[in-house]
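In what follows, a structure is listed as structure tokens, so that the remarks can point back to it.
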Amino acid sequence: MRGSNLFQLTLALLLSLVAAEDGYNGWLRYAPVSCDLHCRQALPSHIVLLNSTKGSPIETAGRELKAGFQSILSTNLTFHPFQCDSSASILVATLDEYRQKCRDINLPELDPDGFWLQSEGDTVRILGNNARGALYGAYEYLAMVAQRNFSRVAYTTNPHAPIRWVNQWDNMDGSIERGYGGASIFFKDGTVVEDMAPVEQYARLLASIRINAIVVNNVNANATLLLPENMKGLGRIADACRPYGVQIGISLNFASPESLGGLETYDPLDPGVIAWWQNITDSLYTYVPDMAGYLVKADSEGQPGPDTYNRTLSQGANLFARALQPHGGVLMYRAFVYNDNLNESDWKADRAKAAVEYFKDLDGQFYENVVVQIKYGPIDFQVREPTSPLFANLYQTNTAIELEVSQEYLGQQCHLVYLPPLWKTVLDFDLRVDHKPSMVRDILSGQRFNRTLGGWAAVVNVGTNRTWLGSHLAMSNLYAYGRLAWSPTDDSEQILKDWTRLTFGQNRQVIDTIADMPMTSWPAYENYTGNLGIQTLTDILYTHYGPNPATQDNNGWGQWTRADHNSVGMDRTISNGTGYTGQYPEEVARLYESLETTPDDLVLWFHHVPWTHRLHSGLTVIQHFYNAHYAGSEAAHGFIRQWESLKGLIDRERYEAMRSRLVYQAGHSIVWRDAINNFYYNMTGIPDVAGRVGHHPWRIEAESMRLDGYQTYTVSPFEAASNTTAIITTSNSTTGTARTTIKAPSGVYDIGVNYYDLYGGQSKWTLSVGDKVVGQWLGDMEHQSLGHTPSIYLDGHSATRITFHGVVVRQGDQLKIVGEANGVEPAPVDYVVLLPPGVVD
């Protein structure tokens with residue numbers, strides 16, 4: 001589909017906004033803005049394209065400009081033949097073509113993908129270093145117009161780094177590992193899908209934020225992607241992305257020569273293996289002549305790699321880099337290599353040290369088209385980690401940072417968490433290599449160590465959900481990733497406001513409210529999950545979603561907290577611990593080696609301290625835990641009130657979808673708060689000085705009610721239930737009733753019911769007070785759009801809350817819950833809470 005057909009598709013997508021706002025267009029809604037007569041007199045009336053061959057990004061730029069002006073301003077721009085100095089026009093060209101066809105123009109230097117934008121009233125010129133840069137300039141101009149910014153501008157902008165990629169962890173069967181927004185848009189049933197429309201729309205969104213490549217499949221790769229029919233399918237994906245200047249790459253399974261090719265080895269130094277990969281690579285480039293390259297995960301979490309044959313990681317990486325070199329491809333090699341069977345009884349054992357231990361001595365041994373892809377922290381996308389020291393240990397090797405837009409450990413898009421402030425703690429961190437300024441962002445750009453290749457990768461994992469990520473507000477993270485990959489000094493809040501204007505419109509209250517909520521969301525989530533550098537206290541052995549702090553310890557995965565009755569934290573000092581601090585340059589090592597100079601927010605990452613240790617804040621560690629978890633949950637409840645203030649200012653579909661998600665988050669934040677506080681109170685025996693932990697005067701424990709057809713059930717882990725116990729029906733096909741007499745004073749209450757919504761069943765509950773039914777609900781979250789990894793157990797993942805507001809209660813009324821079991825779900829209930837107005841518990 002090309003030319004006018006593509007324009008009609010783009011315009012149809014935009015006009016569909018009149019009927020519905022489902023999020024499919026993201027920040028490219030091109031919603032109408034006001035433009036009076038004076039404003040319209042200063043608008044261009046036609047588009048002039050230079051060398052707009054079919055399917056080129058410049059042709060795409062023209063199509064986007066035409067559709068955008070039609071949608072935003074109801075203005076029909078016409079295409080005119082090329083003229084060098086056409087007035088009342090938008091001219092789009094590459095700089096070289098413009099200079100050849102028109103005249104030389106004195107501009108600041110343009111790097112690959114960079115562009116120059118000049119807007120002077122009705123005349124706009126967009127010149128790119130290449131066609132992709134010209135398209136980026138068109139999107140930049142449209143973003144200005146969509147925000148009702150018609151100012152005169154003239155500036156050049158260049159990318160921070162050449163690599164600005166996204167990674168998809170899509171599997172060949174159509175599932176997505178750590179994906180929370182539906183099934184794959186690329187694969188189904190072992191092959192590439194036929195419908196490329198979502199792929200094209202995804203490429204369009206990526207191009208608008210200046211992302212230049214997608215790795216389309218999971219790093220835990222399936223070798224069948226390399227079958228001829230799937231190579232042909234990759235060609236179709238590339239064809240859909242190419243008009244937007246987005247290249248594709250693929251992840252490889254290191255053992256493919258053996259598992260797919262029938263060889264007896266996958267030794268990277270074996271001539272037969274080398275020849276096999278060269279043949280595969282050459283074949284891929286016949287289908288995808290502009291393929292960006294490969295991504296490889298090796299010797300990690302069960303994935304095969306060069307270590308099988310006692311070969312180095314650089315020898316493994318160079319195997320693929322050599323095959324890519326004739327085609328100009330790049331090999332991204334993940335630094336996520338570690339031993340997942342560590343011995344916790346060894347005080348010196350430390351997973352955080354793995355990346356430097358594996359890669360530092362190989363510095364300078366990687367081919368020039370190899371980029372080592374390094375997670376922002378040394379463990380795994382935690383709510384807070386120190387900057388990976390590997391960035392300071394590779395001087396002669398290209399590097400890229402790996403971020404995660406998909407909220408694997410951070411609420412899985414069911415919790416609002418705006419990630420740029422977290423990313424900024426790493427990007428802006430000064431590693432002080434050789435006692436010189438060494439910002440991580442300057443290492444990524446190549447500026448610090450004089451490298452020409454490097455940059456950015458983010459695990460995104462969009463899916464078939466119309467919101468792409470499962471949540472409207474989560475798309476702010478994808479938008480911000482593109483903005484920061486282009487210009488990492490941009491302000492997180494300003495990026496958010498730009499995204500809000502493009503996504504939700506120009507209303508000042510909407511902009512201010514949505515800017516405030518996400519900007520406080522990461523601190524809130526950190527508060528009610530894991531504090532002081534202890535990591536996200538989620539279940540690392542199961543879903544990576546709900547609370548289960550015990551899973552951090554007593555296994556070989558190395559995400560230990562070393563918490564016991566007396567003390568907590570990892571001692572990573574040189575003097576008495578694992579020696580991890582010594583992997584940093586001297587100034588940073590000295591900062592973290594001392595308990596006195598280590599910031600509170602990382603104290604448990606670097607030091608093992610008593611629970612009664614006083615922080616710089618003056619609080620003890622345990623009291624900080626208690627306070628933070630209460631504060632975080634309070635903040636999550638505040639998000640609901642803030643969002644509800646926007647009712648009528650946002651279209652109903654997106655308003656209701658986001659409100660239900662925020663209500664869920666608030667309820668789950670209570671689950672998190674109580675689970676973590678109860679776990680550590682039980683461990684330490686140290687009470688909360690404010691008397692909150694374990695004290696819930698508004699609650700009625702389900703097991704204390706009169707039960708008929710229900711029985712008590714001891715929940716595991718214990719902290720996933722308010723009083724360690726819940727109730728379940730006596731069988732999975734019966735009905736249970738729980739009754740109690742209300743002792744609270746008569747009045748108006750919000751009544752919350754904490755229950756468990758298990759995967760594989762749809763129980764039905766009915767809540768009554770007196771002779772009135774307050775509400776009914778189903779345990780059907782797996783059929784809603786929440787998307788988080790489900791659980792078949794009563795635990796911190798399945799625990800949730802439903803709240804009925806403004807219920808009139810009389811003292812002495814009977815409160816009754818009737819639960820009808822279904823499937824594997826025995827209508828489980830934890831407790832009921834009667835909350836006076838303004839109380840959170």
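Every residue number used here counts from 1 along the chain in the order it is shown.
Keep in mind that glycine also has a Cβ here, set from the backbone N, Cα and C atoms.
Summarising the annotation, Swiss-Prot assigns signal peptide to 1-20 and lists sequence analysis as the type of evidence.
Around Asn51 (N-linked glycosylation site), the same-chain residues six or more apart in sequence whose CB sits under 8 Å from its CB are Ile58, Ala93, Thr94, Glu97, listed in sequence order. In this structure, Asn51 (N-linked glycosylation site) belongs to neither helix nor strand by DSSP; it is coil. What Swiss-Prot records for Asn51 (among others) is N-linked glycosylation site, and it gives sequence analysis as the kind of evidence.
Same-chain residues at least 6 positions away in sequence with a Cβ under 8 Å from that of Asn76 (N-linked glycosylation site) are, in sequence order, Lys66, Phe69, Gln70. For the recorded site, Asn76 (N-linked glycosylation site), the DSSP three-state label reads coil. Swiss-Prot lists Asn76 (among others) with the feature N-linked glycosylation site, giving sequence analysis as the kind of evidence.
Same-chain residues at least 6 positions away in sequence with a Cβ under 8 Å from that of Asn149 (N-linked glycosylation site) are not found in this chain. Marked as N-linked glycosylation site by Swiss-Prot: Asn149 (among others).
Marked as N-linked glycosylation site by Swiss-Prot on the basis of sequence analysis: Asn279 (among others). DSSP assigns Asn279 (N-linked glycosylation site) to a helix. Counting every protein chain shown, the number of other Cβ atoms lying within 10 Å of the Cβ of Asn279 (N-linked glycosylation site) is 12.
If you look up Swiss-Prot, you'll see Asn310 (among others) marked as N-linked glycosylation site. Within 10 Å of the C-beta of Asn310 (N-linked glycosylation site) there are 8 other C-beta atoms, taking all protein chains into account.
Residues or ranges marked as N-linked glycosylation site in Swiss-Prot: Asn343 (among others). The Cβ of Asn343 (N-linked glycosylation site) lies under 8 Å from the Cβ of Ala349, Gly556, each of these being in the same chain and 6 or more residues away along the sequence.
Among the features that Swiss-Prot reports, N-linked glycosylation site is placed at Asn450 (among others), with the record citing sequence analysis. Long-range Cβ proximity for Asn450 (N-linked glycosylation site), meaning a same-chain Cβ under 8 A and a gap of 6 or more residues, is found for none. Asn450 (N-linked glycosylation site) falls within neither a helix nor a strand when secondary structure is assigned with DSSP, and so counts as coil.
As annotated by Swiss-Prot, N-linked glycosylation site applies to Asn465 (among others), with the evidence given as sequence analysis. When other Cβ atoms within 10 Å of the Cβ of Asn465 (N-linked glycosylation site) are tallied across all protein chains shown, the result is 20. Under the DSSP three-state reduction, Asn465 (N-linked glycosylation site) is assigned to coil, being neither helix nor strand.
Sequence-distant neighbours of Asn527 (N-linked glycosylation site) (same chain, 6+ residues apart, CB-CB distance under 8 A): Ala628, His629, Ala631, Gly632, Ser633, Ala635. If you look up Swiss-Prot, you'll see Asn527 (among others) marked as N-linked glycosylation site, on the strength of sequence analysis.
For Asn576 (N-linked glycosylation site), other Cβ atoms within 10 Å of its Cβ number 12. The annotation N-linked glycosylation site is assigned in Swiss-Prot to Asn576 (among others) on the grounds of sequence analysis.
Within the same chain, residues at least six positions away from Asn682 (N-linked glycosylation site) with a Cβ under 8 Å of its Cβ are Phe718, Glu719. Positions annotated as N-linked glycosylation site by Swiss-Prot: Asn682 (among others).
The Cβ of Asn723 (N-linked glycosylation site) has 17 other Cβ atoms within 10 Å, all protein chains considered. The N-linked glycosylation site annotation in Swiss-Prot covers Asn723 (among others) and rests on sequence analysis.
Reduced to three states, the DSSP call for Asn682 (N-linked glycosylation site) is helix. Across the structure, Asn576 (N-linked glycosylation site) and Asn723 (N-linked glycosylation site) are spaced 39 Å apart at their Cα atoms. Asn310 (N-linked glycosylation site) sits 25 Å from Asn279 (N-linked glycosylation site), taking the CA atoms of both as reference points. For the pair Asn279 (N-linked glycosylation site) and Asn465 (N-linked glycosylation site), the C-alpha distance works out to 37 angstrom. Recorded residues Asn465 (N-linked glycosylation site) and Asn723 (N-linked glycosylation site) have their alpha carbons 37 Å apart, per Cα-Cα distance. Taken residue by residue with DSSP, Asn527 (N-linked glycosylation site) is part of a helix.
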